[in-house]
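Just below is one structure, and these are the notes that go with it.
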There are 10 protein chains.
Amino acid sequence: MTTHPPKGPTAPGTESLSQLGRQTVQPESPETAELERVPAPHKGRRYVVRFTAPEFTSLCPVTGQPDFAHIVIDYIPRDWIVESKSLKLYLTSFRNHGAFHEDCSVTIATRLVELLDPEWLRIGAYWYPRGGMPIDVFWQTGPAPDDVWIPAQDVPGYRGRG
Amino acid sequence: MTTHPPKGPTAPGTESLSQLGRQTVQPESPETAELERVPAPHKGRRYVVRFTAPEFTSLCPVTGQPDFAHIVIDYIPRDWIVESKSLKLYLTSFRNHGAFHEDCSVTIATRLVELLDPEWLRIGAYWYPRGGMPIDVFWQTGPAPDDVWIPAQDVPGYRGRG
Amino acid sequence: MTTHPPKGPTAPGTESLSQLGRQTVQPESPETAELERVPAPHKGRRYVVRFTAPEFTSLCPVTGQPDFAHIVIDYIPRDWIVESKSLKLYLTSFRNHGAFHEDCSVTIATRLVELLDPEWLRIGAYWYPRGGMPIDVFWQTGPAPDDVWIPAQDVPGYRGRG
Amino acid sequence: MTTHPPKGPTAPGTESLSQLGRQTVQPESPETAELERVPAPHKGRRYVVRFTAPEFTSLCPVTGQPDFAHIVIDYIPRDWIVESKSLKLYLTSFRNHGAFHEDCSVTIATRLVELLDPEWLRIGAYWYPRGGMPIDVFWQTGPAPDDVWIPAQDVPGYRGRG
Amino acid sequence: MTTHPPKGPTAPGTESLSQLGRQTVQPESPETAELERVPAPHKGRRYVVRFTAPEFTSLCPVTGQPDFAHIVIDYIPRDWIVESKSLKLYLTSFRNHGAFHEDCSVTIATRLVELLDPEWLRIGAYWYPRGGMPIDVFWQTGPAPDDVWIPAQDVPGYRGRG
Amino acid sequence: MTTHPPKGPTAPGTESLSQLGRQTVQPESPETAELERVPAPHKGRRYVVRFTAPEFTSLCPVTGQPDFAHIVIDYIPRDWIVESKSLKLYLTSFRNHGAFHEDCSVTIATRLVELLDPEWLRIGAYWYPRGGMPIDVFWQTGPAPDDVWIPAQDVPGYRGRG
Amino acid sequence: MTTHPPKGPTAPGTESLSQLGRQTVQPESPETAELERVPAPHKGRRYVVRFTAPEFTSLCPVTGQPDFAHIVIDYIPRDWIVESKSLKLYLTSFRNHGAFHEDCSVTIATRLVELLDPEWLRIGAYWYPRGGMPIDVFWQTGPAPDDVWIPAQDVPGYRGRG
Amino acid sequence: MTTHPPKGPTAPGTESLSQLGRQTVQPESPETAELERVPAPHKGRRYVVRFTAPEFTSLCPVTGQPDFAHIVIDYIPRDWIVESKSLKLYLTSFRNHGAFHEDCSVTIATRLVELLDPEWLRIGAYWYPRGGMPIDVFWQTGPAPDDVWIPAQDVPGYRGRG
Amino acid sequence: MTTHPPKGPTAPGTESLSQLGRQTVQPESPETAELERVPAPHKGRRYVVRFTAPEFTSLCPVTGQPDFAHIVIDYIPRDWIVESKSLKLYLTSFRNHGAFHEDCSVTIATRLVELLDPEWLRIGAYWYPRGGMPIDVFWQTGPAPDDVWIPAQDVPGYRGRG
Amino acid sequence: MTTHPPKGPTAPGTESLSQLGRQTVQPESPETAELERVPAPHKGRRYVVRFTAPEFTSLCPVTGQPDFAHIVIDYIPRDWIVESKSLKLYLTSFRNHGAFHEDCSVTIATRLVELLDPEWLRIGAYWYPRGGMPIDVFWQTGPAPDDVWIPAQDVPGYRGRG
Ligand SMILES: [Ca+2]
Ligand SMILES: [Ca+2]
Ligand SMILES: [Ca+2]
Ligand SMILES: [Ca+2]
Ligand SMILES: [Ca+2]
Ligand SMILES: [Ca+2]
Ligand SMILES: [Ca+2]
Ligand SMILES: [Ca+2]
Ligand SMILES: [Ca+2]
Ligand SMILES: [Ca+2]
Ligand SMILES: [Ca+2]
Ligand SMILES: [Ca+2]
Ligand SMILES: [Ca+2]
Ligand SMILES: [Ca+2]
Ligand SMILES: [Ca+2]
Ligand SMILES: [Ca+2]
């Protein structure tokens, strides 16, 4: 009854993937993490893809304490989309990496821009409070195109207690 | 006391419908599902129709695992509106269909565009997390017209736990 | 101590009202419901009036089953405002009236436009789910004026269960 | 350790105030309420001041029944800001005043405009339901300036029960 | 396994910092608080940094009573970013400082503008109710640039009880 | 691939049903509505079944105005469970029925008790506000058994506006 | 089609009512307000009736300033239920009445107990903040019976801002 | 730096598992799904394990239409805990299985009771609305022990629209 | 029209109050703050009074950093109730006081117990996060009486970001 | 003006602490983390202390993938309370530790029980979803005492998307 039955690791356009549908190991650093891409479906249609990563964690570069963030990435593909399992492994590779909030957030976006050469991309990084006061970082590659639909990220602000 | 009493299956403009108000069977695939349309009421008025489908499910094309999405479709009719029972049956026909998130989302929109030739249409597909990280896909046929009212979809972002 | 004491049914501009401050009966259909208007206060000031009707109900024209909607109407008066008790009675008169969602929603707006000749008007009709999938209808008389303040309606989307 | 210690009723620019920091009595009507103003700090900076009054109450001019509203006022000062205690007393002076929703809302804004001659002002009045159907009124003095930051009021819509 | 191991107080660009990663004392007033800055990473990328301070408190200049606010600051760095621990200490230095809401809010923004010379900056100060009626203050250095992404602050309005 | 394929109207224990899986008409009054029951599955297991009906509507017996309620029913079956389509038709049959809130709520429960002879049953009826003040009615057949799990209904209270 | 058609002011058990379904005037004080009762339907069934009054207002007995409260009343009738329109008029009669929070809350309950002689009654009074700090008052006639279902009132606590 | 490094598929007590940490296929029916168990850690400690499955789907046994549920399972292990990947595969095996809500919910609990012989177990099944009216099913093996901590499931009730 | 007109500072039972309805100064420490009491109204009725203080702030006794808490106090009066303005001044007197969370929370309760000799009292202190991890402290004088109604405090837990 | 001025690292009962108010390093494993305790204040008063840790992370013992949890700990001290900075460091030491959810949750509680010998303690561990399905673990040392106030943890359940 399955009309488009699962095709396994040899599905069209996925032959070269080294991680999807396979047992993988956690990369130890962002440098050694392998971000992979596949051809964007529906060429000529300008759509937005949003990834939400509520479990991002890295280290403070000065004190070594763990930092946590909720990260949301929006992009409009040109020729490529990112393969999501490799993106997940890339993001988890920051687990033992030390960097400032502003630096870390923009670095992730930069790596994706290099890989995908997207028409447009933005990142919102919503960091957990330190000293009672959270930092958020927002960056995009350029003005958002007027004619593509890009919903607000609408991550709720931090409210303290009570 | 009913002023416009129910008219039954022969109400004006609905004579040709094969599914509304009848016992139907679930179509086995998107290809065999029959999407139906009826003439748009209030010709000349440019209004938006929004469908919300919180129970969409399909299969991962590589692993065969079930995927779930919350889907919202907005469109401005030209001559036709989609008959809602046939749309529901069409969406449920993806139950055993394997396709990537990006592909699946844009395919649904494409099928509706072919059927309805609407003035404008967009789809927001909000997929459940896999590996802790959800994907959303947003597409529209072109820039949203400035003079038609199109409220934000405002589907809340994924927040993890706790 | 009351500085502008209640004036009773003869308050200025309300003499001709047949329903406000009186015992009334439910009209049996939209056609027999009497929508009433009073002169708009603060002539020359362009403000928005919003009505919210969370208790709208009508009948499906094909199956005769009850349908329910949450309706929000915004308008900018020119010379008249609608008298709210008559509007309420008008809306409750759809209780035994059969019409499609799209038709019903635009019909209400049309009747108000004829009565009030407003500078601008829009209606948002948020129907309860049928078959697990709700329909919303959005219509406005034309582009919203840039220089009048018209807040978003922000009715939350349907979310399913859990 | 207080660096700018409280100065008492003779703080600069507040000498002429008759109500702030003093025992006051409730004014009996809007006409007898004394709205007071003080020079706007940070002349030349165009900022927005928002007051939220969730406890507004007046009377229905026809039936004498109490009406309730949640009111939000935004304005950009030119030379003056309103003294907040006098504003509160002004708003509570509507307690025994009879007026229609639309009238009452615009009257408050008008009085503030006369007192302050602000660069821009708007009022949102969110009335409690009567007959199951609330009315909201929105008015502003003119188009909102593009280059001043004026966040949405985002008062949630009325939802009925359940 | 740490790829960018914590570098301690001598991490590049942080040598001159006197407070980060050190035991510090609470400054007694805004005047004696030392706001510090570090070079902005990713020069040439125009991003937004948001600080949220839900625990701001100062004193009423007339009555000496404590006031509380939830404060959100957004800015686009030019050459500098503010060091966050020094910002926290600066904000807590208002603890025994007396100033009006409007004054206090704009003063904080002004101090940051002098320190950072940012491309753009805004402050939203959401004060707790006094007399049942809260005041919010919104200010920005100039029009928000169209091509940089600046999400809404979306701090919920005050709702009273019930 | 369906392991327990749909059995159609002759599935075991459903042969006598006159409404499930068939085209039906809306009953015109509670008296003429036919509530149906089927044998309870898992005899000997004491479980709770909860129905939620957010679209209940009836008429005020004095003024004839429509009333609306959100209704939740919990029960522990003994030998029978109610067939849900017949329950829905029964509830919609109150559409043109006039009764007080307290009366109407307990009447529904009574009818179910007579039909099902359940071990235990309760009804919560959450009526929309009239005159700004909603009424809720809560009734149960007797003390809730300690050893059966009956979660709270947790329908949110009415909050007015703002 | 109405099965129990509205009966007008002579419906059984309501003949003696002086206010329901009639034009009424606001009583000027609690002492002059006329609370009315009707025979409880479904004698022998022990159910709970809940009234929610989100629009209660009275005066501070010392300063004369208006106070506001959200009030919820639960009771189990013995022979009588309160007529809801008269209850509403009674509650609005506190509009110009001066009393402390604790006193006012318990007074309302006491009056109802005298009128109805209920099996059990409780009142929750949730007052708006004064001086940044709200007071709630909770009272009941005695222990809540174990075998009658009395859901929690669950009015959300006050949270301040942000 | 990993102190308890991942042990791979030969970790103590997991040798016999056939699905965890391996590529698996979706079972085609509940009967062919293999539920697996591992020895409960911390023998002698009586703790509760809660599984939440927001993506459950099965078929209506009469009409073949897809049904959806949000399911929550709580249990106190005796000697065994369920292996979570096998539980997930078991639950997804209902995808093409036809059964009534009440039956389906209790069947899942029964299967787990047979596998685990737990001290206590309960299931809450929160089904999506059909015909505008959802059904929930609640079952437990017996009275909840007083001395083990079992938090409420607190799945929000269905609210309709608006 | 005021039936119980404000009585001013000589209202019965309030003659001895030194702070209510008067200009007051902030006490500099908890030791010098004067907590005042008045006779409890409705002697013989056992009711609960709840105070919510969302703006509590004190200092860390080791580092001198500001701490913040949301505090809720419930008590059943015997002969006295606390005068609320003096309670507010007492709580704000902790502004420059250094004490641990556990100590500070129980100290406040102890002072109230000494003043009021209540039948029963409890305090919930919900502290803002430090180091990403908040502490709450809960204490009561003894078991809560079964026959007095004491609603849950239901202050929401801390959730982090996103 | 500080009445209990910060005492620095030699405050009574804190002399032996090795981590509070000092620069510390992250412990590399739970075994090497040093949990510290201080004498419980207010001996003889039985109060509850709640810690909330929304940023807990460990590794899956089989696959090495990061797991995340929101953890809440409640306990009633006997002679000791845990020093909160050492608790935070202990919890962050699980960052590179591999253990099953059930095991990890109970291990943390066990370590605290050994350190503190509390009168009573419980842990709620709310894990992020894996495979779309989260696990929660709840454990307590024994029945909760009836006469100590222990509020519900009320961590919201997982809801999927939309
Ligand atoms: Ca707060
Ligand atoms: Ca939005
Ligand atoms: Ca969290
Ligand atoms: Ca959902
Ligand atoms: Ca769900
Ligand atoms: Ca909005
Ligand atoms: Ca509802
Ligand atoms: Ca917004
Ligand atoms: Ca309210
Ligand atoms: Ca509850
Ligand atoms: Ca309000
Ligand atoms: Ca806050
Ligand atoms: Ca609604
Ligand atoms: Ca609760
Ligand atoms: Ca999160
Ligand atoms: Ca959904």
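Here the Cβ of each residue, glycine as well, is placed from N, Cα and C on the backbone.
TrEMBL labels come from automatic prediction, so no person has curated them.
Residues annotated as region 'Disordered' in TrEMBL: I:1-39.
Annotated compositional bias 'Polar residues' per TrEMBL: I:13-29, in sequence order.
Summarising the annotation, TrEMBL assigns active site, thioimide intermediate to I:CYS60. I:CYS60 (active site, thioimide intermediate) falls within neither a helix nor a strand when secondary structure is assigned with DSSP, and so counts as coil.
The Cβ of I:ASP67 (active site, proton donor) lies under 8 Å from the Cβ of I:THR57, I:SER58, I:LEU59, I:CYS60, I:HIS101, I:TRP127, I:TYR128, I:ARG130, each of which sits 6+ residues away along the same chain. Among the features that TrEMBL reports, active site, proton donor is placed at I:ASP67.
Within 10 Å of the C-beta of I:GLU83 (substrate binding site) there are 20 other C-beta atoms, taking all protein chains into account. The feature substrate binding site is assigned by TrEMBL to I:VAL82, I:GLU83, I:SER84, I:HIS101, I:GLU102.
The Cβ of I:GLU102 (substrate binding site) lies under 8 Å from the Cβ of I:ILE135, I:VAL137, each of which sits 6+ residues away along the same chain. Of all the recorded positions listed (I:CYS60, I:VAL82), I:CYS60 has the fewest other CB atoms within 10 A of its CB. When other Cβ atoms within 10 Å of the Cβ of I:SER84 (substrate binding site) are tallied across all protein chains shown, the result is 22. Under the DSSP three-state reduction, I:VAL82 (substrate binding site) is assigned to strand. Using a CB-CB cutoff of under 8 Å against chain J, none of the recorded positions from I:ASP67, I:VAL82, I:GLU83, I:SER84 qualifies. When the C-beta distance to chain G is held to under 8 angstroms, the recorded positions I:CYS60, I:ASP67, I:GLU83, I:SER84, I:HIS101, I:GLU102 reduce to I:SER84, listed in sequence order. There are 23 other Cβ atoms within 10 Å of the Cβ belonging to I:HIS101 (substrate binding site).
Pairwise Cα distances among I:VAL82, I:GLU83, I:SER84, I:HIS101, I:GLU102, the recorded substrate-binding residues, top out at 25 Å.
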